[in-house]
Amino acid sequence: MNVWLAIALTAAGCYLVKLLGLLVPADTLERPLVQRLAALVPVALLAALTAQQTFSAQGALTVDARAAGLAAAALALVLRAPFLVVVGAAVLVTAGARALGG
Amino acid sequence: MAQRTASSPSVRGGGPAAEPKSDGAVVRDALGVGIAVGLSGFAFGVTSAGSGLTLLQTCALSLLVFTGASQFALVGALAAGGNPFTAAAGAFFVGTRNAFYGLRLSQLLALRPLVRPLAAQAVIDETTAVALAQPDRRTARIGFTVTGLTLYVLWNVTTLLGALGAEAIGDTSAWGLDAAGPAVFLALLAPMLRSTTERATAALAVLLGLGLLPVLPAGVPVLAAALAAPAVLWFHGRRLGSGHLRGGRSGEGEGRSGRPGEDAR
């Protein structure tokens, strides 16, 4: 029951924030500062999410095989690899690093 | 290009390819992202089932929440013993970035009011990244729609398969599937790092996100990291010496022009 409550709250909350962004009047966005912020905030959030999902475990900072996987993904990106190859490289290298004792 | 977009804020000068782009090319890009990320629903299904959620609960999350990072955040918090309210709050905070994507997309796609409630469910990292990478509104709409539909269908199918297969797989981390999430985020982020402003924002956000992680509740550090955007803009404005921000997209335009081979695409 508790899990269903969490799912319902998350679903409602996440849908509402998605809708909210689309419903904000367009003229709000004609201000240059708002435009720059709307373009930059996703950059900040994606960067923070990438770092957290790579270097955290149970709310603490840690470096493990995922770091090697992310490095592989970064290398694939520099080499202009397709999206699926980037993700695949991260998964394979992480699995490989763990297999080698990571 | 910078001039044109500055004077017409409704049309974004997308990626480095400012020249017209064929519909087929947009569909190919969109399918590539949709399929690659859609397949990572498998990782979510496995993680969720491994966290103790039932098959129905796992599938409900992908069908209704449909924003991967929030879903991962929720099952992670529940698995760690969080109560439903703090777990949902963390997932909600992670999902608030979609509001900012929506701000950007409503301007770019110019959706009709009736379409917005439906389109809203598809306002996520991937659809935003693909839409923003297109040179004009028509291709942005195609990119958004194709990415959204492909991703929704595949994400839900692979969530189901992942949950069903979780027991068969056993230790999911041994397969490296937990690295798929950050790799997806990095791939989405890379094309956005066009100018010094974007790179400085990303770097500051990483510092904030990691630095605050041990001291703030789950989900909050990511939101706090969003402050990197106004901080960098403020600093950028001061450095220009005029104390105010110049035309909307000037920074991006400057970042792109004169740096061939740096289009990150």
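Cβ from N, Cα, C; glycine included.
For B:1-10, the entry in TrEMBL reads compositional bias 'Polar residues'. For B:249-265, the entry in TrEMBL reads compositional bias 'Basic and acidic residues'. Annotation comment: TrEMBL describes B:1-22, B:245-265 as region 'Disordered'. According to TrEMBL, the feature transmembrane segment maps to B:30-47, B:142-166, B:172-190, B:202-235.
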Any residues 6+ beyond the ends of the transmembrane segment (B:30-47) with a Cβ under 8 Å from its own?
58, 61-62, 68, 71-72, 75-76, 126, 129-130, 142-143, 145-151, 153-166, 169, 172, 177-178, 180-181, 184
Checking distant contacts: for the transmembrane segment (B:202-235), what same-chain residues at least six beyond its ends satisfy Cβ-Cβ under 8 A?
73, 76-77, 82, 86, 89-94, 96-97, 100, 189, 193, 245
